[in-house]
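Mind having a look at this structure? Questions to follow.
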Protein chains: 2
Amino acid sequence: MAPQLEPFFKQVDASSNDFIDRLRKAVAIPSVSAQDENRKDVFRMGQWLADELTALGAEVEQRPLGKQPGKEHLELPPVVVARYGNDKNKRTILVYGHYDVQPALMEDGWATEPFELTIDEKDRMYGRGATDDKGPVLGWLNVIDAHRKAGIEFPVNLLCCFEGMEEYGSEGLDDFIQAESKKYFKDTDAVCISDNYWLGTEKPCLTYGLRGCNYYSISISGPAQDLHSGVFGGSAHEPMTDLVNVMSKLVDSQGNILIPGLMDLVAPLTEEEKTLYGNISYTMDNLHESLGAETGIHPTKERTLMARWRYPSLSIHGVEGAYSAPGAKTVIPAKVIGKFSIRTVPNMESEDVNKLVFDHVKAEFAKLNSKNTLDVWLQHDGKWWVASPKHWNFSAASKAVQQVFGVEPDMTREGGSIPVTLTFEQATGKNVLLLPMGSSTDAAHSINEKLDKRNYIEGTKLLGAYLHYVAEEPTSA
Amino acid sequence: MAPQLEPFFKQVDASSNDFIDRLRKAVAIPSVSAQDENRKDVFRMGQWLADELTALGAEVEQRPLGKQPGKEHLELPPVVVARYGNDKNKRTILVYGHYDVQPALMEDGWATEPFELTIDEKDRMYGRGATDDKGPVLGWLNVIDAHRKAGIEFPVNLLCCFEGMEEYGSEGLDDFIQAESKKYFKDTDAVCISDNYWLGTEKPCLTYGLRGCNYYSISISGPAQDLHSGVFGGSAHEPMTDLVNVMSKLVDSQGNILIPGLMDLVAPLTEEEKTLYGNISYTMDNLHESLGAETGIHPTKERTLMARWRYPSLSIHGVEGAYSAPGAKTVIPAKVIGKFSIRTVPNMESEDVNKLVFDHVKAEFAKLNSKNTLDVWLQHDGKWWVASPKHWNFSAASKAVQQVFGVEPDMTREGGSIPVTLTFEQATGKNVLLLPMGSSTDAAHSINEKLDKRNYIEGTKLLGAYLHYVAEEPTSA
């Protein structure tokens, strides 16, 4: 054990009620970034967080981001940045989190008041933002607090970047991070983000990869206005028929992407990588539980995890412009827009993917010999991210997990995207680690969001231990 | 010319201003059946119509239809039935029309007040209901009126059946017609319905066929709730992928239905029938004008008309449960319901069509090897209708067209359905004729609905002349 960990752990246990009180106060502020009427609460939450950090001895600033684009009557909530420690001989770790939350109403089906931390007999702490992301943010504050109370030297310089718009697209944050990368964040040696979840409920994980996402629209138009299918059916090319035909050529029922050349862009699976998946604490039952059905494609957990983490996937999301209500309507829609997206992985470059998609869609449409008009375009893209899990940032975190939880963490990737991850990597040029505190059952974004007391208190120990190991790890790639 | 026609025609011309005044009064009553707040106006319109018929010497009854199903606070408007003449030596003709109208608001884009008949310099009479269906209904009243004024014996017994819920699904009418078929309507020798339109603007037509419609839903479900495509994409069978695949096997871009055996149910095209289409007053330009685009499938008008009238067609209307809004959402929908319908023609029996559809959809889904769950069902069906255009009912109408307009009418079918047509045929067992008054440019159901003065006045002559020829025609098949 790193020499200072034992007194630190003891202090965390001794202060655990204070830490839970801290979380209770944070949850009580309904900092819902998506709702105009709560904007004042988001500001209040930022102020509260700044006050807490100041009281703990950090140098704090609330950085304004200006008006909200498209909603100019609203000010964007500030980024709360803080520095704790300024010792040239120590590593500087930049940590990110967010202090805004998703909307929550009792009538959505919550069992308890969403903005009142409620602890049940199994030590589950219910409340909006408990796990996403107030618990993890306060984890960093708790670490400072415990060090001060126990009189232990803080092992690193800590830079905090806590935003208040994460649940509404992180408006303004990318530009801020870019602008501060050579200023406020210039000393950063590595980045740590605690804003995702364990794969299950028992075993912590370190996350080193995320898939990207390229989102496409296919528009097919024909007549100048919607037609009556009785009057015109059979006499004119129908856009919906063409769209369904083209979309049926994108992916098969087994999830195989049918776009020629696309799979050639995917980094080959190495023998070494193959061995990683077998050790992951995950079962097919876990998948079936998440799906609420046994409709998984692959027979093994290894192949399932690869499908979610390291292979691309293509999903068809829906059709705009066609009849979508319950009941029956005999319309021939004049113009329909199909939506689909491809989750991207190394080494798929967005431009290459776009070209293959556009060529394929156009070629399939040409085969139809339709007089309708096709258009296909990229709505937005976000790049995949993969960090080196052998970097000292990860080995320090791994040692911390072993110290606190007595197990080696699962090294995981995720299928979805957390865009700020890539922004930090590109802006700082440093290794980024995702170090989750909550578990897979925490129901972030859903009703009855919770954080287990164990995840919060042991998670606080984990974040602190991570900083101690960071201070000791030899420099690596 | 039938002997009494000349004085009748003269009287119609002499009374034309009165007849236009009659239409003006009718248009001024906003008898919108779809809007609760106008229900009193629908009743007022029924009363006005009954009063007009009474004043013309008809025996009139307003038959109640009870409460509106699903809207029990509303009474259904009455069916206005009337008998004019009761001479056992004359034929009895049952005529149908409706006195309710579609909704209409200035802000929808009307150039004139919709409930104020406005006549422009080209003698186009604008107003909601002018052509659909107040003009044609009043045509029958005008015929009685002109006969009385000119002192001409009425050539037939006339039975009127005017409903007030046509624009809202003809609630209650089918049961009424069935119930009265052996009572109020028992003397009926033939039926005439004036509630459709000429194929173009110059040449009248007689309509002897309508396609039917079988409307289907395909539901495919998998996970218990919508999934995040980042987290689960690639690991689970996606209902939308399966649905798009199955729907792509229903019809091709050229309108060919891909359901095995379905086209075998279609009555073969005879050499005699083939010759009918060449003479129809219709051009490919007419099609392109209606479409607002040159996206017709077939190169000739003959093949186009056959596609609309005498061949089945399959249209895909949309998808329920998938993402249908503008923008981007990365959802994997848990359950999606595809909607499509088949326009049916002789000799397709609904049960046979259903079996072929269900078998095909199930077989195509089975090929996908998906673990998702499929369901396919018929939402509703309505049978096709084809009358014998050689019946005296049609030959009388044909002579009337030649007399009034100097041309032989086009013998047409329609691609859409007018369900009451089949109801009258089945309830009375008699020949049904569709004898339209308005033209293809009348914009029924749309803004700026109109009826040309020529169509109204010459149309009144047409309805009267038809009754005179009906009285003379020898009995036929």
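Just so you know, glycine gets a Cβ as well, placed from its N, Cα and C.
According to TrEMBL:
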BINDING   A:His98, A:Asp132, A:Asp195  Mn(2+) 2 binding site
ACT_SITE  A:Asp100  active site
BINDING   A:Asp132, A:Glu167, A:His445  Mn(2+) 1 binding site
ACT_SITE  A:Glu166  active site, proton acceptor
BINDING   A:Asp195, A:His228, A:Thr330, A:Arg343, A:Ser417, A:His445  substrate binding site
DOMAIN    A:216-366  domain 'Peptidase M20 dimerisation'
SITE      A:His228  site 'Important for catalytic activity'
Closest of the binding-site residues to A:Glu166 (active site, proton acceptor), Cα to Cα, picking from A:His98, A:Asp195, A:Ser417?
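Checking each of A:His98, A:Asp195, A:Ser417 against A:Glu166 (active site, proton acceptor), the shortest Cα distance is to A:His98.
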Within 10 Å of the Cβ of A:Ser417 (substrate binding site), how many other Cβ atoms can be counted across all chains shown?
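Other Cβ atoms found within 10 Å: 20.
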Where the distance is taken from Cα to Cα, which of the recorded positions A:His98, A:Asp100, A:Asp132, A:Glu167, A:Asp195 turns out closest to A:His228 (substrate binding site)?
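When the Cα distances are compared, A:Glu167 comes out closest.
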In the structure shown, with every protein chain counted, which of the binding-site residues A:His98, A:Arg343, A:His445 has the densest set of Cβ atoms within 10 angstroms of its Cβ?
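Answer returned by the neighbour count: A:Arg343.
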Taking the Cβ of A:Asp100 (active site) as the centre, count every other Cβ atom within 10 Å, in any protein chain shown.
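Result for A:Asp100 (active site): 28 neighbouring Cβ atoms inside 10 Å.
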I need the CA-to-CA distance for A:Arg343 (substrate binding site) versus A:His445 (Mn(2+) 1 binding site), whole Å please.
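On Cα coordinates alone, these residues lie 21 Å apart.
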Show me the subset of A:Thr330, A:Ser417, A:His445 whose Cα is within 10 Å of A:His98 (Mn(2+) 2 binding site); these are the binding-site residues I mean.
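Close binding-site residues: none.
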If you skip the near sequence neighbours and keep only those at least six away, which residues in the chain come within under 8 angstroms of A:Thr330 (substrate binding site), Cβ to Cβ?
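Expected: A:His228, A:Ser229, A:Gly230.
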For chain B, which of the binding-site residues A:Asp132, A:Arg343, A:Ser417, A:His445 fall under 8 Å by Cβ?
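Cβ contacts with B, in sequence order: A:Arg343, A:Ser417.
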Using the Cβ centroid of A:Asp132, A:Glu167, A:His445 as the reference point for the Mn(2+) 1 site, which residues of the same chain not in that list have Cβ within 8 Å?
A:Val101, A:Gln102, A:Gly129, A:Asp133, A:Glu166, A:Ala444, A:Glu449
For A:Asp100 (active site), find which of the binding-site residues A:Asp195, A:Ser417, A:His445 come within 10 Å, Cα to Cα.
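Close binding-site residues: none.
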According to DSSP, folded down to helix, strand and coil, what is A:Thr330 (substrate binding site)?
coil
Could you check which of the binding-site residues (A:Asp132, A:Asp195, A:His445) sits closest to A:Ser417 (substrate binding site), going Cα to Cα?
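It is A:Asp195, whose Cα lies nearest.
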Looking only at A:Asp132, A:Glu166, A:Glu167, A:Asp195, which of these recorded positions has the biggest number of Cβ atoms within 10 Å around its Cβ?
A:Asp132
For A:His228 (substrate binding site), just count the other CB atoms lying within 10 A of its CB, please.
14
For A:Asp132 (Mn(2+) 2 binding site), just give me the three-state DSSP call.
helix
What kind of secondary structure is A:Arg343 (substrate binding site) part of, going by DSSP in three states?
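The three-state answer is strand.
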